[in-house]
Amino acid sequence: MKVKLLVLLCTFTATYADTICIGYHANNSTDTVDTVLEKNVTVTHSVNLLEDSHNGKLCLLKGIAPLQLGNCSVAGWILGNPECELLISKESWSYIVEKPNPENGTCYPGHFADYEELREQLSSVSSFERFEIFPKESSWPNHTVTGVSASCSHNGKSSFYKNLLWLTGKNGLYPNLSKSYANNKEKEVLVLWGVHHPPNIGNQRALYHTENAYVSVVSSHYSRKFTPEIAKRPKVRDQEGRINYYWTLLEPGDTIIFEANGNLIAPRYAFALSRGFGSGIINSNAPMDECDAKCQTPQGAINSSLPFQNVHPVTIGECPKYVRSAKLRMVTGLRNIPSIQSRGLFGAIAGFIEGGWTGMVDGWYGYHHQNEQGSGYAADQKSTQNAINGITNKVNSVIEKMNTQFTAVGKEFNKLERRMENLNKKVDDGFIDVWTYNAELLVLLENERTLDFHDSNVKNLYEKVKSQLKNNAKEIGNGCFEFYHKCNDECMESVKNGTYDYPKYSEESKLSREKIDGVKLESMGVYQILAIYSTVASSLVLLVSLGAISFWMCSNGSLQCRICI
């Protein structure tokens with residue numbers, strides 16, 4: 001009976017002791033992140049660094065509308081194809097939209113020299129001033145300026161480019177011409193012209209009254225002399241002749257001089273360019289909408305302040321960096337492992353080793369206490385706030401460093417530059433791969449550091465409590481301490497805020513420890529006596545059983561016993 005009372009006393013003492021546990025917050029979040037060592041770690045809080053959505057529309061860029069070329073190409077627009085007449089009045093834009101394979105380009109067949117370079121130049125232009133460089137009515141009094149072609153028809157009538165003049169002979173003559181323009185616009189001026197290549201000598205004589213024509217174009221940075229190539233060619237757009245198109249950029253203060261005795265397609269309008277580094281040319285079939293955005297891709301607009309996107313590598317405006325990643329999520333909270341709460345008489349709760357606490361909602365780290373006055377959770381606001389500040393600063397720093405928003409337009413190559421285009425693609429792919437690797441590695445490393453940081457903070461909080469309590473309490477696992485003395489709410493609060501008075505409770509704790517140690521010793525002595533008696537009794541039972549079996553076997557002759565003296 002005495003043994004039973006001692007065991008019950010020991011159990012009662014352990015069950016009803018005051019306790020305090022250190023743990024961390026948990027919630028119902030299903031966010032997962034990757035670290036250097038683990039994949040799909042469930043965490044309480046995280047931030048997404050990768051934008052993967054767009055609106056599927058073409059939008060204004062910071063309130064400025066794009067220039068939609070419609071069914072016209074850049075060549076058709078800048079030369080003044082009659083079918084692109086509606087674009088003539090457009091002089092400013094946020095970016096240029098060209099459809100894939102537009103119908104209206106160069107209406108009169110021929111080669112457009114350095115066309116891809118011209119597109120590249122225009123991709124950085126946000127506005128221009130279209131002005132008459134050589135007025136039609138006064139610049140060419142000795143030449144006919146009404147040359148048209150059925151291949152450039154408009155509304156069923158033969159026409160020609162709005163920005164060029166096809167000069168032909170007048171009154172049976174084509175006098176030598178010399179015309180110059182001095183750039184006084186204080187901007188670069190884009191000048192375009194052409195050279196006509198007739199299909200036969202008869203056509204050459206009829207138009208220009210000479211067989212040995214030339215065209216010369218000279219400026220400080222450009223000098224070239226063209227000779228018409230008279231030859232029969234396959235018909236294109238019902239034309240056997242060709243017009244080759246040329247352009248140059250005239251610096252402020254520079255002069256361009258045109259000399260010719262035939263075959264000149266003269267400039268009528270030129271363009272004073274204003275550069276805008278946020279502009280660009282994109283190929284897209286996306287519809288225009290009444291929306292405003294900071295970033296435009298061929299697939300649609302992106303409205304995001306995130307540092308990375310995987311929507312499209314070609315972007316216009318202030319855009320996140322393109323990476324090939326499918327997921328870039330940075331942890332800001334803790335590992336989310338809600339504990340399985342085992343409830344005894346006083347609802348004992350597992351601590352931070354086995355899992356977090358969903359009941360603690362006002363902080364990341366904190367305490368759960370239990371005494372005669374009840375139980376409850378309390379966050380450690382100081383350590384939580386320090387952690388929040390540190391992680392917030394880190395996330396902001398990462399986003400700020402990686403969030404270099406910019407325009408990334410595609411490079412232009414002609415059909416004869418396939419090797420260069422392929423090399424450029426390989427280089428671009430290499431850069432994208434490097435950016436993707438750097439972004440993913442950065443997130444993996446920072447996630448690992450953040451989770452280790454949280455683990456360290458919980459451990460530091462545990463050590464803080466342990467150093468205060470010393471031998472006034474014992475560690476019982478799961479981040480918990482069991483007091484050797486009564487600890488009311490005021491006492492619990494002193495442990496949490498670091499003002500626990502160790503000497504005040506040391507005597508009570510000492511007596512409690514001695515009492516518990518005495519109970520353990522007496523209980524151990526009783527158990528030893530019981531063990532001895534149990535061993536002796538079992539041995540006697542075994543001997544009696546063996547004797548009875550031997551006697552029975554001897555009596556029925558199964559066992560013979562001989563005693564020799």
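Every residue gets a Cβ built from N, Cα and C, even glycine.
Among the features that Swiss-Prot reports, signal peptide is placed at 1-17, with the record citing sequence analysis. Residues or ranges marked as topological domain 'Extracellular' in Swiss-Prot (evidence: sequence analysis): 18-528. Summarising the annotation, Swiss-Prot assigns N-linked glycosylation site to Asn27, Asn28, Asn40, Asn71, Asn104, Asn142, Asn176, Asn303, Asn497. Taken from Swiss-Prot, the feature disulfide bond covers Cys59-Cys291, Cys72-Cys84, Cys107-Cys152, Cys295-Cys319, Cys487-Cys491. If you look up Swiss-Prot, you'll see 529-549 marked as transmembrane segment, on the strength of sequence analysis. According to Swiss-Prot, the feature topological domain 'Cytoplasmic' maps to 550-565, an assignment based on sequence analysis.
In the three-state DSSP classification, Asn104 (N-linked glycosylation site) falls within a strand.
In this structure, Cys491 (disulfide bond) is part of a helix by DSSP. You'll find the Cα of Asn176 (N-linked glycosylation site) roughly 9 Å from the Cα of Asn142 (N-linked glycosylation site). For the recorded positions Asn27, Cys59, Cys152, Cys319, a Cα-Cα cutoff of 10 angstroms around Cys84 (disulfide bond) retains nothing. Checking each of the glycosylation sites Asn104, Asn142, Asn303 against Cys487 (disulfide bond) by C-alpha distance, the shortest gap belongs to Asn303. Using CA atoms as reference points, the recorded positions Cys59, Asn104, Cys319, Cys491, Asn497 were checked against Asn28 (N-linked glycosylation site), and the closest is Asn497. In the predicted model, residues of the topological domain 'Extracellular' (18-528) average a pLDDT of 87. Recorded residues Cys491 (disulfide bond) and Asn104 (N-linked glycosylation site) have their alpha carbons 86 Å apart, per Cα-Cα distance.
In terms of Cα spacing, the recorded positions Asn27, Asn40, Cys152, Cys291, Cys319 all stay beyond 10 Å of Cys72 (disulfide bond).
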